[in-house]
Amino acid sequence: MISSPVYNFAAGPGIMPREVLLQAQQELLDWRQSGMSVMEMPFTGEEFQTIMRQARQDLRELLGVPADYRILFLQGGASAQFSLLPMNLLPPGATADYVDTGHWSRKAIEEGSRYARINVAASGADHNYRHVPAQARWQLDPGAGYCHITSNETADGLAYHWLPDTGNVPLVADMTSDFLSRPIAIERFGVIYAGAQKNIGPAGLTIVIIRDDLIQPARPETPSAFSYRVQAESEGRFNTPLTYAVYIAGLVFRWLKRQGGLGAIAERNRRKSDRLYDAIDGSDVYVCPQRAADRSRMNACFHLADASLTTEFLRQARQQGLLNLQGHPAVGGLRASLYNAMPDAGVEALIAFMQAFAARHT
Ligand SMILES: *Cc1c(COP(=O)(O)O)cnc(C)c1O
């Protein structure tokens, strides 16, 4: 038995706004008297095209995406983008810069190195990923086709709270786990991509925002469904898009607008994460090793000073309705993901539990 209310701290797929799930439930059988569920709609039909156009428009407004950028709704998740980026952006033999800030940037480097010569411009590995390397220490290659960063390291609990300057080299960011958590200056990026299942919607949907001049023919062996150019030119009609996932993401965009947009959401995210980090730092029982200035506001990664209590912590938390607080398997320890949909009450419940647990076990 799990007591209610339940708060889901999973890193991904993660918590969704309750209002969105309720609206989807209401509209499940019959979308706005169309006589069809969104799942049943032909994707080229007027109804679904309206849904997709609206979702794209709302996302453009939320993020302030300039007119010379395209928004693509693709499939395959962020991991597929690790390959698709070099296949779409680089000729064979070209070089790309990557900054290694943890688990997900290492994955991007590993996969990308099958298609490009990769220059690791900076790495946090020698500090065990406790901070984001300062730009002054980056060794950028002026001939690189792009420079790739991971704006939020989901497994390591690190985030950029500043924007790198890469000159004429396009900046590319994997924003999977902090997309729509704060305003961003899109015009500083060449490409932004994000898998949906962390902070947007159902898994599989992958959002790519790309500046027009970077949309080039992909390498010939690239599947057409994964060619940015084919997808941009066909406006998502080349193959069946993830129709239901696009619909749910669209409901989330609307929900974000009702919350006051990304400025308001960022303020709430700051408050929630500050509350949790303050509770961790104020206790001898919990440890967060990441440098304060580089901590993620989405994924707080920490551990118990006495690691042998971890299993018991997770068991008791679960009983209290605090779910999925285990760290990423590659990192261990504890992790509380505080995505947009996590209410203040969830954070307060977690802190109250942590304090009670600390009192019982010291
Ligand atoms: C989860 C995650 C990924 C991988 O996403 P998939 O959809 O499983 O491919 C990549 N990058 C970051 C930052 C992530 O958090």
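Cβ coordinates are placed from backbone N, Cα and C, and glycine is handled just like the others.
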Given TrEMBL lists ALA78, SER79, THR154, ASP174, GLN197, ASN239, THR240 for pyridoxal 5'-phosphate, the same-site residue among TRP104, TRP138: TRP104
Site of maximum Cβ density within 10 Å, from binding-site residues GLN197, THR240: GLN197
Among ALA78, SER79, TRP104, THR154, ASP174, GLN197, ASN239, THR240, the record's pyridoxal 5'-phosphate binders - longest CA distance, Å: 31
Where GLN197 (pyridoxal 5'-phosphate binding site) falls in three-state DSSP terms: coil
Number of Cβ atoms other than its own within 10 Å, given for TRP104 (pyridoxal 5'-phosphate binding site): 23
